[in-house]
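Q: Got a structure for you, written out below as C-alpha cells; questions coming shortly.
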Amino acid sequence: MSRRFTVTSLPPAAPAATPDLESHPQPAAKLRHLSGEDAKGDGNPKESSPFINSTDTEKGREYDGKNMALFEEEMDTSPMVSSLLSGLANYTNLPQGSREHEEAENNEGGKKKPVQAPRMGTFMGVYLPCLQNIFGVILFLRLTWVVGIAGIMEAFCMVFICCSCTMLTAISMSAIATNGVVPAGGSYYMISRSLGPEFGGAVGLCFYLGTTFAGAMYILGTIEILLAYLFPAMAIFKAEDASGEAAAMLNNMRVYGTCVLTCMATVVFVGVKYVNKFALVFLGCVILSILAIYAGVIKSAFDPPNFPICLLGNRTLSRHGFDVCAKLAWEGNETVTTRLWGLFCSSRFLNATCDEYFTRNNVTEIQGIPGAASGLIKENLWSSYLTKGVIVERRGMPSVGLVEGTPIDMDHPYVFSDMTSYFTLLVGIYFPSVTGIMAGSNRSGDLRDAQKSIPTGTILAIATTSAVYISSVVLFGACIEGVVLRDKFGEAVNGNLVVGTLAWPSPWVIVIGSFFSTCGAGLQSLTGAPRLLQAISRDGIVPFLQVFGHGKANGEPTWALLLTACICEIGILIASLDEVAPILSMFFLMCYMFVNLACAVQTLLRTPNWRPRFRYYHWTLSFLGMSLCLALMFICSWYYALVAMLIAGLIYKYIEYRGAEKEWGDGIRGLSLSAARYALLRLEEGPPHTKNWRPQLLVLVRVDQDQNVVHPQLLSLTSQLKAGKGLTIVGSVLEGTFLDNHPQAQRAEESIRRLMEAEKVKGFCQVVISSNLRDGVSHLIQSGGLGGLQHNTVLVGWPRNWRQKEDHQTWRNFIELVRETTAGHLALLVTKNVSMFPGNPERFSEGSIDVWWIVHDGGMLMLLPFLLRHHKVWRKCKMRIFTVAQMDDNSIQMKKDLTTFLYHLRITAEVEVVEMHESDISAYTYEKTLVMEQRSQILKQMHLTKNEREREVRLPRLGSESLKLLPALGLHSRDGPGLMLLVTGTAFTLEHYSSPFFLSTPPPSTGLPSSRGTLQLHLPSLPARMQRALAWVTDFPL
C-alpha cells in the first residue's frame, strides 16, 4: 500500500517556545525541496537553531536550559540533574497572576522582550506548592495538643475525616480543572464558570475572606513562636500575676501582629519578586522540619531525649518558676528548701505554712519523651477533654485530693488549661491544616501539561500530607507523655515547643523552621488574596468592588492589597489562633462544598462541554464530598456556619439583583432547563385544581411606528394583578412579512422588555409578524405558552375609534377576539380608559374597589379585587360588593346570602343591595344564571362523553346583531377607569362555575359616582336585545 507525501517549502521563522505537543501538533523538523535553489538553503547563515553553526548568540540563549530530548516524555520519566536543579532555582509558590505581575515589573522600562519562563512539570509545578501550602502552622503549634486532648483514636478519626474531605474535593477539582484552563483565581473561576456568576461571586468572596483570615492565622502563629519560644523577653505587656498572663499575651499578639502585617504588606506592595526569592527557603524549612520530627521519632526508640517534667501528686507543674523538682534539697549536711517550696509556702523556712495539696502529695519527676518503645500509646489512646482553668493532670498517678469545692490558687506554678475543649472545637482548629489543595490548579497556565499535572500532583500531595498527619497522630501519642501533649505552650518542658522536644538533632530546628514557614505562608496569603479579589472585581459581577480591580501599571492590585490588609487586621485584633482558625475553616469548607457541587451538577446534567481529561470521578463522590463539607461546617461551629451561609446568601442575592449579567455556559442554566422541562411535563399530567387556579395572563399590547408600547398602563395593571406570580405573556402583532419586518420585531421586543422591567412584570415577551392584525392575534392566542404552562385569561385594551365608519375593521377585530377567546375557553379582560389607571409608584391612602355582581360566576369576580389588594397600590382600599334587586325582592335575605357566600370564599368585603325598578333592570339576569347552573348540572348528570360535550359548543358567526354589542359595551364609563371581564367557555373559577358577564362603571341610574380612587366592576343592566347579542357572541343559549 503506497502513501503520498507532499513536501512544501517553509519560509524561515523565528524560534518560539516549545509548543504543547498535545494541543498543537507540529512536525519535528522543517522539510524543504531537495531540488533547485532550495537545496542550497535560504542563504541565511543565522538560521534560528541551536546547532553548532549558529552565530546568533542572542537567539541561541533562548535554548539555554531547554531539554533537547527527541521525545518530551523521556524527560518526564528520567529528568537530567541539571534540569532538576534548574527547576529548583526557578521554583515559586506564587499563583499565576503574581508571576505575570512579577514579569511585568522586571521588564518595566526596558527594551528587552520578556522571555517566557520554562514550563513546570508535576513535581515542581503542583506537588511541591501544594505540599508547602498544606503543611502549616497547625502542624507545628497545635497538632500535639489536639492529640493529647482528643486521644489517638478520636484524633485519628478527626484527621481521617478532614483528609477524606479534601481528597474528595481534589477529585472533583481535578475534573473541573482538566475541563479547561483555570486562570488566576482558582476556585473562583471553577465555581463561577460551572455554577454561574451568582454562586461564583458568593463563594469566591468567601474564599477570599478565608484566604485573608488564613494570612492573619499565619501571622499570629509567627508572633506566638516569636514571643513564646524564640524571644520571650520581647513582650511589651507584662502580667503582674498568673491570672493576667493570657490578657497580656493577647495584647502582645495584637501589637506585634499589626507590625508584622504592615511589614509583610509593604513587601508585597514593593514587589512579589521579593516574595518569590524566598519561596525555596520557606519550602526547605517545611521539609527539614518534618524530616527532623521523623528522625527524632526513630532516635527516641533507642535513645529518648532528656526532657524531665515535674509532677505534684498527679498535677503537672510549670518549669518557669523553679529549677529543681523537689521540696527539699541537701546542701552539705543541711536540709534546705527549694524554690518550689517558696512557690507553695509562705516562706523559705521548714515551719512555714504551705498549701494543703502541696503538703499532702509528693513531688515526682518523669520523662516527658519516653520514646516510641515505651508502650505509652495505650495511655494516650483515649480522650481527656478539659474545661478552662483546670489543671492538667496525669492519669494513673497517686494523688491525695482536697475537699470538693476547695478553690485553686491561680498563682501556683501549675499548668492550666487555657480554654474549654471538645471534639467539635478541635475539628475547627485542625481543619486549616489540610487546606491549600488548590495551589496547583491556581497555576495551570505555568504548567507544561496541566491536564496531567493538576490531578496527579494534587492527589499525591494530599496523599503525602494525609500520611504525614495520620502517622504524626500515632507517633506523637506513642512517644510523648500525655500531660506534655496537653500542655499547649510547653510550660512543663521549660517553655520548649512540644513538637520540638521530639525533633532531632535539636528543638531549634523545629522552632526556626516553623517560624520561617509561617512567615512564608503569611506572605503567600497576602499575595494570593488580593489577586483573587482583583479577578472577581475585573469580572464586574459585583459592582461596588470594581475599584479593587485597578492597581499599579504592571497590574499589581494595590487597592485590593489595602482592603486585604484591613480585613487581615480584624483577625490580628482577635489575637487568638484558636479563635481565628474556625472562622477560616467555615469559608474554606464552603468553597470546597461548592467545588463538589459544581462537579456533581456538571456530571449529572451531562452537558456537551463537560469533557474532563481526568476520568476517575463520579457524581456520588462529589455528592459525598459536598455532604462531608456541610457536615464539617456545622461540626466545627454551627453559629459560624450560619453566619458564613448568611454572608454567602447576601452576596448571592446582591449579585442576582445588582450584578452584571454574565453568560458563561454555567451548569445552573442547564439545571434550570432540566427543572423547567420536568415541571412542564408534570403540568401535562392533568388540569390544575381549583385551589391552584389564578389568572395566567396573555396581555395584548399595541406598538407605534417607533416600536414603543402605546398604553404602558396596561402593564402597570398586569403587575398589580399578578404581583410576580403565575404566568404572564406580553404579546404584540406587527403587520407585514417576517423577512421584511424582522428588525422591527426585534426592536419591539426590546422595547416591551424594557417596559416590563420598568413595571416589574415578570414574564415573557412574544412579537408576532402577520399579514393582518386579526390573524396575528389569533396566532398569539393559539400558540402562547408551552405545554401545560399556558394562559387562561386574555387582557386587552378597549378598541379606540370604533364608532368611525372608516375604521370598521377595529370593532370587527375585537368581535373576532371575543369569539376566539370563547372558542379557546378563555377569560377575557377588557380595560377601558386605561390611561386613567394608577401606576405602580402611586399609592391610594383610601378608596374602594366596587364589584357589581349580578351573575353568579362562582367567585372569580371576587378573586380579581382580592389579587389587586395584594399590591401596595391597592392595599389600603376597601372592597365593596354591590348586587341589584328589584323592588319586590327580599333585599335583606339577598344581603345575608351574599355575606355567607363571601364568608365561605374567605374574602372580607362590604355588601350592599341596590334596589332598582323593572324598567332599569331585566329579570333576564337572574334567569340567565339559573339557565347556566341548570345546564351545568344536567351535563354532569348525563355523564356525557368528551365528544358529546364538545358537540354542545356551537361556534358563532359574525352577524348584524353583533355590531350592537359595541354600543352596549361602550354605554358607560366614559370618564373613569373601568375593567370589563368576559368569562367565556369553560374557564376555571373558584367553584367550577362559568358564565358570561360584563364589568364597567356603574350605570347612571344607581346614582353612585365614579371616582379616581375607585375601581368599579359590574354587569350593567342591558336591554333584552343587547343581552341576546351578548349571549349570541359568547355562544351561550338563551
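Every residue gets a Cβ built from N, Cα and C, even glycine.
Remember, TrEMBL labels are computer predictions, not curated facts.
Among the features that TrEMBL reports, region 'Disordered' is placed at 1-61, 96-116. According to TrEMBL, the feature compositional bias 'Basic and acidic residues' maps to 34-45, 98-111. Taken from TrEMBL, the feature compositional bias 'Polar residues' applies to 46-55. Marked as domain 'Amino acid permease/ SLC12A' by TrEMBL: 126-298, 421-698. The transmembrane segment annotation in TrEMBL covers 126-152, 158-182, 202-235, 255-272, 279-298, 419-439, 459-485, 505-523, 559-577, 583-605, 617-641. According to TrEMBL, the feature domain 'SLC12A transporter C-terminal' maps to 712-830, 843-917.
What's the neighbourhood like for each of these?
A: Sequence-distant contacts of the transmembrane segment (158-182), counting only residues of its own chain at least 6 positions beyond either end whose CB sits under 8 Å from a CB of the stretch, comprise 146, 150, 189-190, 193-194, 423, 426-427, 430-431, 433-435, 437-438, 441-442, 444-445, 450-451, 454-455, 458-459, 462-463, 465-466, 469-470, 473, 589, 592, 595-596, 598-600, 602-603, 609-614, 616-617, 621-622, 624-625, 628-629, 632.
Non-local neighbours of the transmembrane segment (279-298) in the same chain are 88-89, 91-94, 128, 131-132, 135, 139-140, 305, 372, 468, 472, 475, 479, 499, 502-505, 509-510, 512-514, 516-517, 519-521; each lies 6+ residues outside the stretch with a CB under 8 Å from one of its CB atoms.
Model confidence over the domain 'Amino acid permease/ SLC12A' (421-698) stands at 88, taken as the mean pLDDT rounded to a whole number.
Listed as Cβ neighbours of the transmembrane segment (505-523) (distance under 8 Å, sequence separation of 6 or more from its ends, same chain) are residues 93, 132-133, 135-137, 140-141, 214-215, 218-219, 221-222, 225-226, 229-230, 260, 264, 267-268, 275, 278-279, 281-283, 285-286, 288-289, 292-293, 295, 496-497, 499.
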Q: What is the three-state DSSP composition of the domain 'SLC12A transporter C-terminal' (712-830), stated as helix, strand and coil residue counts?
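A: Looking at the domain 'SLC12A transporter C-terminal' (712-830) with DSSP, the answer is 61 helix, 26 strand, 32 coil.
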Q: With the transmembrane segment (583-605) as the reference, find which of 126-152, 202-235, 255-272, 419-439, 459-485 contributes the most Cβ pairs under 8 Å.
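A: Selected stretch: 202-235, with the most Cβ pairs under 8 Å.
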Q: Against which stretches of its own chain does the transmembrane segment (202-235) lie, if we need a Cβ under 8 Å and a gap of at least six residues from its ends?
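A: Cβ under 8 Å, 6 or more out: 136-137, 140-141, 185-188, 191-192, 248-249, 252-253, 256-257, 260-261, 264, 432, 435, 489-490, 495-497, 500, 511, 514-515, 518-519, 521-522, 525-526, 528-529, 532-533, 535-536, 542, 564, 567-572, 574-577, 580-581, 583-584, 586-588, 590-591, 594, 644, 647-649, 651-652, 655.
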Q: State, in range form, which of 255-272, 419-439, 459-485 has the highest count of Cβ pairs under 8 Å to the transmembrane segment (617-641).
A: 419-439
Q: Using a Cβ cut-off of under 8 Å, list the residues of the same chain at least 6 residues beyond the transmembrane segment (459-485) that approach it.
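A: Same-chain residues near the transmembrane segment (459-485) but 6 or more away: 122, 126-127, 130-131, 134-135, 139, 143-145, 147-149, 151-152, 155-156, 159-160, 163, 166-167, 170-171, 174, 290, 293-294, 297, 300, 307, 309, 311, 316, 366-372, 374, 376-377, 379-381, 384, 392-395, 415, 433-434, 437, 440, 492-493, 498-499, 501-502.
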Q: Take the domain 'SLC12A transporter C-terminal' (843-917) and count its residues per DSSP category (helix H/G/I, strand E/B, coil), listing them in that order.
A: 24 helix, 21 strand, 30 coil
